[in-house]
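Copied from Swiss-Prot, the annotated features are:
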| type | residues | note |
| --- | --- | --- |
| DOMAIN | 4-235 | domain 'ABC transporter' |
| BINDING | 37, 38, 39, 40, 41, 42, 43, 44 | ATP binding site |
């Protein structure tokens, strides 16, 4: 059995409306899973269910072969790191890290050894006597993680731990979390609304929407083969271009609303005549020419980002974003002739929104 298993778990506040639809997830021992999605999608509620802070309406939760569905949080073998550091301001770093073990009745020598080891791992050795007010935001977050590490849990639960940090510190802490997981190899479940955190930290990503796991897969899988329109629109910056239209009667072209036809790379005859949504990432559209069969787009604006540029335009009433090389800087109002990589096209069912 996996290090952590959610088996058809649901959550309902009123006994009728499910805020978590039946959800099953197997997390291997030592695996790092990130739950990502917009505010209100249910990811933090699900994490709190694993922690025992919210009751499971239906289904079961298992940690290391033990059913913990009704078990008290303190008995589940979990340690949680929150968005707010929740450090005791009157205690030193050392005392904050040791406090949870002390109230559990652990011996002083064992506590000292665990705190010393956690401080070494997190490079807090020289800060053990300081108070939280004397620390930076990144140092406070490391203390919060140290407090979790000393418990030697079966599972780490992270609830948006980097949200309060500035952009530069978030990058640094992402790297430190990666290094920490490689060192400890503890099963981890991590919640964030930030897709960059999800893609850089996760071994597998669970994309959530409306209490449903839209897709579970590696970061590469959810980026390259999104299972639904929601995943396609949520993962990626800028988001995937999504264009509505229909597959022509021969299954050879996609007819955009507005009359533009785009060639399809075969295998779509069974969808002939059906309303669909075509997706393509901005980096899979290249500049071409009319002679080479390019499709024209009048550019509205150009975003210069430094390493590359983003050209914004329209096909009819549908918006399109194209990622250009650093040296490609067309002027607003100019016509760009575009070539779409046929092997990078994604088709989604017009009714269900699911990938076909």
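Keep in mind that glycine also has a Cβ here, set from the backbone N, Cα and C atoms.
Remember, predicted model here, so these are calculated numbers, not experimental data.
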Sparsest Cβ environment (other Cβ within 10 Å) among binding-site residues 37, 42 belongs to 42
Would you please pick out, from the binding-site residues 40, 41, 44, the one with the fewest other Cβ atoms within 10 Å of its Cβ? 40
Write out, in the order they occur in the sequence, the residues of the chain not among 37, 38, 39, 40, 41, 42, 43, 44 that have a C-beta within 8 Å of the mean position of the C-beta atoms of the recorded ATP site. 193, 208, 209
So what's the mean pLDDT when you look at the domain 'ABC transporter' (4-235)? 95
For residue 40 (ATP binding site), which of the three DSSP-derived states applies: helix, strand, or coil? coil
Neighbouring CB atoms within 10 angstroms of the CB of residue 43 (ATP binding site), all protein chains considered, total 28
Would you mind ranking the binding-site residues 38, 39 by how many other Cβ atoms sit within 10 Å of each Cβ and giving me the lowest? 39
